Amino acid sequence: MSSSEVLAPEAYIDDSISFESLQLDTRLLQAIKRNGFKNPTLIQSHAIPLALQEKRDIIAKAATGCGKTLAYLIPVIQTILDYKKTNTDKIDGTSNTLGIILVPTRELAQQVNDVLDKMILYCSNDIRSLNISSDMPSSVLTSLLLEKPEIIIATPGKLMTLLDTNVESVSLEELKFLVIDEVDLVLTFGYKEDLSKIAEYLPLKKNLQTFLMSATLNDDIQELKKEFCRAPAILKFNDDEISKDKNKLIQYYVKTSEFDKFLLCYVIFKLGLIKGKTLIFVNNIDRGYRLKLVLEQFGIKSCILNSELPANSRQHIVDQFNKNVYHLLIATDDTEYIKEEDEENDDEIETNSEEQDKVEDSNDTKDKKGKKASKIKKDKEFGVSRGVDFQNVACVLNFDLPTTAKSYVHRIGRTARAGKTGTAISFVVPLKEFGKHKPSMYQSTKRDEKILSRIIKQQSKLGLELQPYSFDTKQIEGFRYRMEDGFRAVTQVAIREARVKELKDELLASEKLKRHFEENPQELQSLRHDKELHPSRVQQHLKRVPDYLLPAEAREGKKKVGFVPFHSVKKSNRHKKNNKVFKKRSGSKSDPLKNFK
């Protein structure tokens, strides 16, 4: 439950208990009620009493959208409020940091911070929070830390930097709570060493409670359990328990060639075959810009979300997408390539443990060479397939199939949330079609069929099914020559120019105008991220679809207006008489040349 607008599906709700029965502070209960939460979810009804009454460390494994955020925020807030009541003599304006929340990405840090602000609305005088995950000058950070926030939200890397360079500004002697959210993703991002170093600064031997929240439980998490936890309570909420809610997600896969991916996208979005907002996932930043530029050729607007863009711009794009400003978002999900493991070992892990998904990555040298050409710095603390709260997504389109079954689960988890229906469509390139069209080729598609079989196997364990889907080729073929023209105009040079142009525009909006937008928030709404880049030549005629290409039922009925003469056939008698008189008068006149003397 990441915001007040998005409530957990009914399948997650625990009707047998209410928030009032959890003995929470009245101010916290008032904030919970204000945000529309009536009953806790399953994970909340189990975790909150264990944390508050029994003071247990907690390791929780639960699916996306089950209310994990509030499951740890409520105990943290309640514990701090209780501490303030019982230790009024220690509070002299120099309060200590009482809670630390670690998350893998900046986007998730901002999301948690937003939820926290809503929960401490009526106790903001007693609890202050600070999100240090965003880039800010050290002088600004130091001044913010002088306010002594009770809760600090950060990525492990940012917190480690703070402790190394400015540890005197943070007092951790009375730390009560440590939360590590999305633990498996934190470890995938390579923060294991940072966590070990952070542990040296924490009062682990005192009464420090730890929350480890994760989608999977693997050996790495077991190591963190030994390092951070003492006799923890382990909560597991399997997908089987909420499978009745999963039938709201319909999954399709389409076997197609590499070039036909672009053709199908053109047809789908130009003819409006998908109603509602669509989230498109690609595996590479260049792929995202190529798809955007190709769609621009046909007048289809979209916006880009990737790790190159400034953090402020990324957050603004997500916010506007959630407010329905954009309906088509192309997101680059390249975080799955950070951690590389042997595929065979992953297969063994899958057979030995049903709780742990396979983690496999592409070791293709060609893909690495392609990445070598990009000199623009990426933000390693960026993740889009997990954590980011995309609201009311009608369809998730895997333009590029993810390289792991685990990543597939997280991608499709962006739709069919909060009890709503959703559709997931995945393009799969058969091995026999791989490499036939060099300009549209991407190396990871070589393994699409293998990945698809693993995805189908994984989903079948959950009682879910991926259905094959095929388009009417006769209807699609009519659009092919137009796609060939549009695709030909999007060259590699055009893609590079588009990346540079987009980055310059977003940096300008993010840095130079940041203060202006803070003073004039109404003008921020007019800042758009789906403007046409078109460094490539845009052919205007491609933006309109001729009627003869449309299916019969989609063609606009033409009105039969009949023959339209240049002059009106019907004339009044008055006009006829006037014409006759004029002709007589003009005819009676003599020719001046003949009568000239």
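The count begins at 1 with the first shown residue.
Placed from the backbone N, Cα and C atoms, the Cβ positions cover glycine too.
Swiss-Prot tags one of the stretches 17-45, 104-132, 133-161, 394-422 as motif 'Q motif', and that stretch is 17-45. In the three-state DSSP classification, K68 (ATP binding site) falls within a helix.
Fewest other C-beta atoms within 10 Å: among the binding-site residues A62, A63, C66, that description fits A63.
Cβ neighbours of K68 (ATP binding site) (same chain, under 8 Å, six or more residues apart in sequence): I43, A60, A62, D181, M213.
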